[in-house]
Amino acid sequence: MQQGTLMRKVKSKSWKKQRYFKLQEDCMTIWYQSKRTGKTESAFSISDVETVREGHQSEVLQSLAEEFPPERCFTIVFYGRRGNLDLIAGSAEEAQCWVQGLRQLIEPGSFPLTFALVSRTWIRDWFQKADKNKDGRMNFKEVQRLLKMMNVDMNEDHALRLFQDADKSESGTLEGEEFVLFYKALTQREEVLSLFQEFSEDGKKLTLLELVDFLRQEQLEDEGTEELAMELIDKYEPSETAQARHVLSADGFLMYLCSPEGSIFNPQHRVLWQDMSQPLCHYFISSSHNTYLIEDQLRGQSSIEGYIRALKRGCRCLEVDCWDGPNGEPMVYHGHTFTSKIPFREVVSALGKYAFKQGKTLLPYPLLGAEGSWLCWPPAVQDSRRQAPWRHWVAQGASLSPTPQELKHKILLKGKKIGRLEDTLDGPGDEAPDVSDDDNGAEAEEERRRAKVGGTQHGSALQKDKETLAQALSDCVIYCKNVPFRGFQEARSHSRPSEISSLSEAKARKLIRDEGNEFVRHNTWQLTRIYPSGMRTDSSNYSPQEMWNVGCQIVALNFQTAGTEMDLCDGLFSQNGSCGYVLKPPFMRDEETLFNPSDPSSREGPGPITLTIQVISGQQLPKVANSKEGAIIDPLVRVEIYGVPADQAHQETKYIENNGFNPRWDETLHFQLHVPELALIRFVVEDYDKTSRNDFVGQFTLAFANIKPGYRHIHLLSKDGTNIPPSSLFVHIRITE
């Protein structure tokens, strides 16, 4: 890999260009060059690579299956919304060399991304960018250019002083470790050092007892504090001598604060920590809308990548809209539009591979297949019980209100059904009556309206469809039978826990406004799915928070569209092992609850709490995309609270001029939360612009329930939700009743 390999980069059947790929000496960067010009075309970091797929595992490579054997083909998949890289090697051996080599490099155990390694990797990347003549050393002019690239606006005399202090060889240039010294001087964290010295008697180290004091007084760690202190010293103290003496140096203290244990997100909530044995309707469920689309709703591309990406983000409710295709083969696409089509069998194949996996992590809890109005044979129970999957559940004593624990590794179909679940359990009937779109009336009507606006109606396609539902297909719909919503009283009288209603965002908002408490009660015993307005042809999203406020479980969003709405979704579902299920608070699981989100006092429990956030500093913030060369950001931090209407709020710091490298704010923000159990906190960094809208720099969103108090780092994410190490905020959090 370090010698370099000539491979074909492919984008379509007709676009196949030869590129020279090479792993750099740092083993962290891959460059590739055009064979024709020899010019470096692009580079990517190993840390950007999520996984490597062998063979024809993309639509592009599948289209070339007859031309190139699968042993020579592979796909590099990146985090976030960056497009995949499809490659064809000259031989099977070369392909294996890259596939296995890349897997080795991205394996978590290969290079543990400690704070120290992230920093060193970051240093090396910047050194290579600034070393224009590639001689492995840097003169002062190159250092000045580097500072601009790194978002630092520094006085020239001060920069020269740091440069000369680091130039131990007095050669007028910095190389290797000299540059590391320069970087360390540049990144000196005065605010962390002063905190360290506050608890250190000699200002040079924290003894075990001094560290215990810090953990108890500031971090509010109250259980097993001495054991925790010992663990932190063993894990983060770089000096073996200090480790042996059970003390923590200033470097070790900083490494702890930058670690998962020093993060604002409670590490105990990153793993599965909630009760998974409650009925399905007691959970918020990560849900996507028109999952197959990766662009807009009218002419966008349909792709199995939409399913793979959603599943890898922990999504547990997908949409598969099936239509008749050529030669009787069902196709998946957005009906009455010009979106591209994908064969249903490819969707099923992708679900078979990814439905219960997230990288190497298993996602065992059930996957819901939320179908549109036109259903097709599903990937129901892929085993010997295919003909009568319901019998399997009877054998296990399944109830009409099953739990995620009972339904592990199962795919549930949401769709139309002949009769009731009880009838199915008693045995299938002989008739297959007509089933009309009344079962999905509101959504079907929305589809027709959208098609009319988009100018895509095709003759009788806008007429009311009438179809015959096969008994075998009906029997596959067990716990999610589609029923029309005709009011809460009607539902309570005639509906069952095994049924589900779909509501448009507009209909849901009206019910929230007019019958908030009834809506909450309804969602304690039956599933509700919310879908975006058909007018959102650009795949924009509505705010999921107002739907979660009344306990709606399946709040379907366009996962392909980055923005605040998907930040909230990722923020809520990043807890509980990212399994896609989050248990609702107790007052939203009680059928007699009095809670109404418009009246916070209706919630049973303690009074409001005060959240105090001191925004102290920022570290190595990224430059704004497409900014002018040499431009340096003027960062500010805005803290946004999402929750019940009374809790919605935002406050921001002042902006710091020309410093994206180590800005200091030292500002304190106060928020009062009436229903903290439903609150999400979003930290946003923006580049201030007095003449136009501020530019996005980074963000991090989490549920209030997952916040750790004390001195904490917030590790920022990009617009599409991927990590941007080592960019972070340093804050102090206090929560008081």
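The chain as shown is numbered from 1 upward.
For all residues, glycine too, the Cβ spot is worked out from N, Cα and C.
Whatever TrEMBL says is automated annotation, not expert-curated.
So that you can see what the record holds, here are the features copied from TrEMBL:
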- 424-445: compositional bias 'Acidic residues' (COMPBIAS)
- 1-107: domain 'PH' (DOMAIN)
- 118-153: domain 'EF-hand' (DOMAIN)
- 154-189: domain 'EF-hand' (DOMAIN)
- 473-589: domain 'PI-PLC Y-box' (DOMAIN)
- 589-718: domain 'C2' (DOMAIN)
- 422-462: region 'Disordered' (REGION)
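If one looks beyond the domain 'EF-hand' (154-189) by at least 6 residues along the same chain, the residues whose Cβ comes under 8 Å of a Cβ in the stretch are 119-120, 123, 127, 136-140, 143-144, 147, 254, 617, 619-620, 661-662.
The domain 'EF-hand' (154-189): residue composition by secondary structure is 21 helix, 2 strand, 13 coil, according to DSSP. The average pLDDT for the domain 'EF-hand' (118-153) in the predicted structure is 74. Residue counts for the domain 'PH' (1-107) by DSSP state, with H, G and I taken as helix and E and B as strand, are 26 helix, 42 strand, 39 coil. Helix, strand and coil counts from DSSP across the domain 'C2' (589-718) read 12 helix, 62 strand, 56 coil.
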